[in-house]
Amino acid sequence: MLNISDMKANVEEFDIVENPTEIEADVEMKRREARVVRKIDLYLMPTLLILMLLGFLDRGNIGFAASQGMIKDIGLKGKQLNVAVSVFYIFYILAELPSSLLAKRLQYNRVIPGVSLAWGLVCLGNGFIHNFAGLVVCRLLLGLFEGFLFPSMVLMMANYYRREELGYRVSWVYICIAVSSAFGGLIAFAILHMNGLAGYPGWRWLYIIEGAFTVIFSFGCFFLIPKDYQSAWFLNQEDKQIMKHRDDETRAYSGGSGHYKKKDVMMAMADIKTWVYAFNHMFCMTLVYGFSVFLPIILKNGFRYDTKQAQYLAVPVFLWGAIVLTVVGYLSNRYQKKFLATVPTTPFGMAGYAILLAPADKVPVGVRYFACFLITTSIFCCAAGNFAWLSSNTAPEGKRAATVGITLTLCNIGGVISGQIYILDEAPQFLTGHACSLACIVLAAIGWTFLRVLFSRREVWKATARNEGHVREGTEISDRDPSYKYQM
């Protein structure tokens, strides 16, 4: 006589072999999807990432230009450099909302190359300014045009990648920040040798050459960036059919109407984790923007290196940050442990800023330079990890879109803050900048710890609800529903 266990075993065995054709078809579809995703990674993403790299390069070169003599040449006084750094983010923030509307209306293959061409021309023009007013105008226009890029790029990527695929690709953007800062130092060091060529100082050539390269690459993007996957030059007809299948399954995330509803915004605003993630991202980007722009100035005015040393010594610091982020991002995505990229890396950043806050005459320059490596070990991972964690723990799609919108707005306010905390008159200590940065990383660590506790408690409640049978079924499941499991 069969017992219950034997009956279950027989049923399970029957289920496994019942539809081998369907299982094989599913495996084959996943294999084909993986091949299409690899094509997108190979042909589309490099173009978008190069644009992001150029964008961060063109906005961040003000730090290298300042360390090469721009301050004296155009007569900047007091906190005018800080103002010039911060005003970039005014129009950058204002451009984010219309960018998502215009990108869908005018098509990504026009908007993305178009705004890239525009900011490249502005960057090139920055090489011919003669006063503070000219610098501010260029920074405002640069912020306006660059503000269109990231939202448009993410919306476009959402038409090619599934939700679980998109978060990891977006994290590549933060690798671009670190790499662009490293390249910026390398380019700035090379261009120093052009100082005096045609009567122009090196910092002017920095803007002219980087701006010209952006302009040239932008023209190429009009041909490289497709209107949509149906017109993608790198996909064959079979690939496009697979993309159609993926699009049908993930239409809500890929665009649909392209907008979130009022109820989605209200859901996002009513959830405390939205604000913790958003403020944490503001703290993180204050760190990233501040350190990326002002490191050459810290090395020159704080560590007393000469101009050439300040340029090339910035390179390994940012390169190290890119390497660490690549490794941590891979491990975090591989094991789906988003927490890994945040709190575990914060002690390195805290230690780095603590060393820089110590009296400059008490700490050897080599130790202070090592502190810069500790800082980049942390700050890029924190920013990328926070954004990926947010995306993974927010549902439905409309609520996620609203949460991301709130987060991006606050994070760019961090850009405004970052421009005000490193004050030239405070060299070599830069007390305000390092103290504010240390406070930001401590507050972010507290926020993530709070989120981990919050998610643990919610999971206990959800487990109880599931055991009692309170599971709602449907196509749109909120992250507060018992069936939704948080990633920790």
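All positions are counted from 1 along the displayed chain.
Positions of Cβ are set from backbone N, Cα and C atoms, glycine also.
Residues or ranges marked as domain 'Major facilitator superfamily (MFS) profile' in TrEMBL: 44-459. Annotation comment: TrEMBL describes 40-57, 83-103, 115-134, 140-160, 172-193, 205-225, 275-299, 311-332, 339-360, 366-389, 401-424, 430-451 as transmembrane segment.
Ranked by number of Cβ pairs under 8 Å to the transmembrane segment (366-389), the listed stretches 40-57, 205-225, 430-451 are led by 430-451. Across the candidate stretches 40-57, 140-160, 311-332, 339-360, the maximum count of CB pairs under 8 A to the transmembrane segment (401-424) is reached by 140-160. A Cβ distance under 8 Å defines the sequence-distant neighbours of the transmembrane segment (83-103), meaning residues of its chain 6+ beyond its ends; these are 59, 62, 76, 111-112, 132, 135-136, 139-152, 155-156, 258-259, 293, 405, 408-409, 412-413, 415-420. Non-local neighbours of the transmembrane segment (115-134) in the same chain are 51, 54-55, 58, 61, 74-76, 80, 84, 141-142, 145-146, 148-149, 152, 200, 204-208, 210-215, 217-219, 221; each lies 6+ residues outside the stretch with a CB under 8 Å from one of its CB atoms. Counting only same-chain residues 6+ beyond the ends of the transmembrane segment (172-193), those with a CB under 8 A from a CB of the stretch are 45, 49, 52-57, 60-61, 63-65, 67-68, 150, 202, 205-206, 209-210, 288, 292, 295-296, 307-308, 311-319, 321-322, 325-326, 329, 376, 380, 383-384, 387. Counting same-chain residues at least six beyond the ends of the transmembrane segment (40-57), those with a Cβ under 8 angstroms from any Cβ of the stretch are 112, 116, 119-120, 146, 149-150, 153, 156-157, 160-161, 169, 172-173, 176-177, 179-181, 183-184, 187, 210, 213-214, 217-218, 221, 224-226, 232, 234, 292.
Of the recorded ranges 140-160, 205-225, 311-332, 430-451, the transmembrane segment (275-299) has the largest number of C-beta contacts under 8 angstroms with 430-451.
The average per-residue pLDDT of the prediction over the domain 'Major facilitator superfamily (MFS) profile' (44-459) is 89, rounded to a whole number.
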